[in-house]
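Below is one structure, written out as C-alpha cells; comments come after it.
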C-alpha cells in the first residue's frame with residue numbers, strides 16, 4: 001500500500017476513535033444516554049440506594065446543583081453536615097458524568113445526579129418505576145455550606161415538622177411526604193440515626209414493636225469479650241453507633257423471624273427491591289426512624305399508607321411522579337455562585353474559570 005494511502009487510512013481511523021463531543025439533541029435525556037448511565041449503575045448496584053439518597057440531599061437543599069458533592073473545605077461543606085453522614089455513590093456520579101462527556105459537550109455533575117437516581121430507581125424497582133427527566137443543561141454550584149443541610153428532615157422529626165418541611169417546597173405536600181418515605185424499602189442506616197427508637201424510656205412500645213426493637217438492638221450491639229467468656233463474666237453487649245441495619249425488616253431474616261413480621265402481600269425475595277413493602281412494615285410498627293413511624297399519627301397519612309400497601313401500582317406511579325418533581329427543583333442561588341460555563345469537571349471540587 002502506498003504511503004499516501006496509509007496516511008489517509010490513519011486519518012480516517014483517527015476520526016472514528018477521536019470523535020468530537022456533540023450537542024445534545026433537543027435537550028433530551030435520550031435512550032443512548034440512559035443505556036450508558038444504566039450500565040454504570042448496574043455495575044455499582046450496591047451504591048444504587050445511595051444514588052437516590054444523593055438526589056434528595058442535593059435537590060432539597062437549594063435545588064439541583066450538585067452542591068452536596070463538593071468537598072473543598074474541611075468540615076464546612078454540605079457533605080460534612082451530620083445530615084449527610086453515610087452518603088455513598090459519589091464516585092458513581094463522577095463516572096456517569098465522565099462517560100456522558102465523551103460523547104456530549106455539556107453534561108454537568110447536577111445532570112449526573114439526576115440521571116443516576118432515575119436509573120437507580122428503575123433498576124431497584126425492577127423497572128416498575130420509570131419516570132421522565134430533562135436532558136443535560138443543569139448548572140453546577142461553586143458554593144456549598146454545611147449549615148444549608150439543616151433543611152433536610154431529621155430522622156427524629158415529628159409529623160407536623162415533616163409536613164411543614166415538605167410544604168415549604170412548591171408542589172410538595174402530604175402526598176409527596178408519604179410517597180417518598182417509601183424509599184426506605186431499601187438501603188441501610190447507622191444505629192446512631194435511630195438509637196432513640198431502641199431506648200424504651202424514650203420510645204414507648206406503642207410506637208415500635210418490642211420484638212423488632214430487641215432484635216435490632218442485638219443486631220447493632222457489640223460484645224467486647226469472646227463468646228466463650230461472655231457468660232463467665234456476665235458480659236452484656238454495648239450499643240455500636242456505627243453498626244448498620246437494613247431499613248426494611250423484609251431484608252433481615254433474623255429480625256423478621258424474631259419480630260413475627262406479617263409478610264402477607266410482600267415478596268421476600270429478592271432482597272433490596274424498591275417496592276411498597278415499606279408500608280407493610282410501618283403499619284406493623286417495624287421501622288427504624290421516628291420520622292417514618294410518625295406518619296401513623298396523621299389520619300390522612302395513615303390512610304395513604306394503607307392504600308399504598310394494598311395497591312402497589314398506585315404507589316409506583318406516584319413515586320415516579322414525585323421523583324420527577326424532585327429532579328426539577330430549581331437552584332435557589334444567585335448566578336455568581338455557579339461555575340462559569342455551567343459544569344464542573346470534577347464533581348468534588350472547583351476548577352476556576354474553566355468550563356467543561
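Backbone N, Cα and C define each Cβ position, glycine as well.
Please treat TrEMBL annotations as automatic predictions, because they have not gone through curation.
Pulled from TrEMBL, these are the features on record:
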- 33-351: domain 'Plant heme peroxidase family profile' (DOMAIN)
- 53: site 'Transition state stabilizer' (SITE)
- 59-64: disulfide bond (DISULFID)
- 109-347: disulfide bond (DISULFID)
- 153: substrate binding site (BINDING)
- 184: heme b binding site (BINDING)
- 253, 275: Ca(2+) 2 binding site (BINDING)
Position of peak Cβ density within 10 Å, selected from the binding-site residues 253, 275: 275
All-chain count of other Cβ atoms within 10 Å of residue 59 (disulfide bond): 26
Spatial separation of residue 109 (disulfide bond) from residue 184 (heme b binding site) - C-alpha basis, Å: 25
Inter-residue Cα distance where the pair is residue 153 (substrate binding site) and residue 53 (site 'Transition state stabilizer'), in Å: 13
Nearest recorded site to residue 153 (substrate binding site) by CA-CA distance, among recorded positions 64, 109, 253, 275: 64
For residue 347 (disulfide bond), nearby residues of its own chain (Cβ under 8 Å, 6 or more apart in sequence): 66, 69, 70, 90, 93, 94, 97, 109, 112, 140
Cα distance (Å, whole number) from residue 253 (Ca(2+) 2 binding site) to residue 64 (disulfide bond): 37
Other C-beta atoms that fall within 10 angstroms of the C-beta of residue 153 (substrate binding site): 19
CB contacts for residue 53 (site 'Transition state stabilizer') [other CB atoms within 10 A, all chains]: 22
Candidate with the highest Cβ count within 10 Å, taken from the recorded positions 64, 109, 184: 109
Residue 275 (Ca(2+) 2 binding site) in three-state DSSP notation: coil
Mapped DSSP class for residue 64 (disulfide bond), helix or strand or coil: coil
Average model confidence [pLDDT] within the domain 'Plant heme peroxidase family profile' (33-351): 96
For residue 184 (heme b binding site): DSSP state (helix, strand, coil): helix
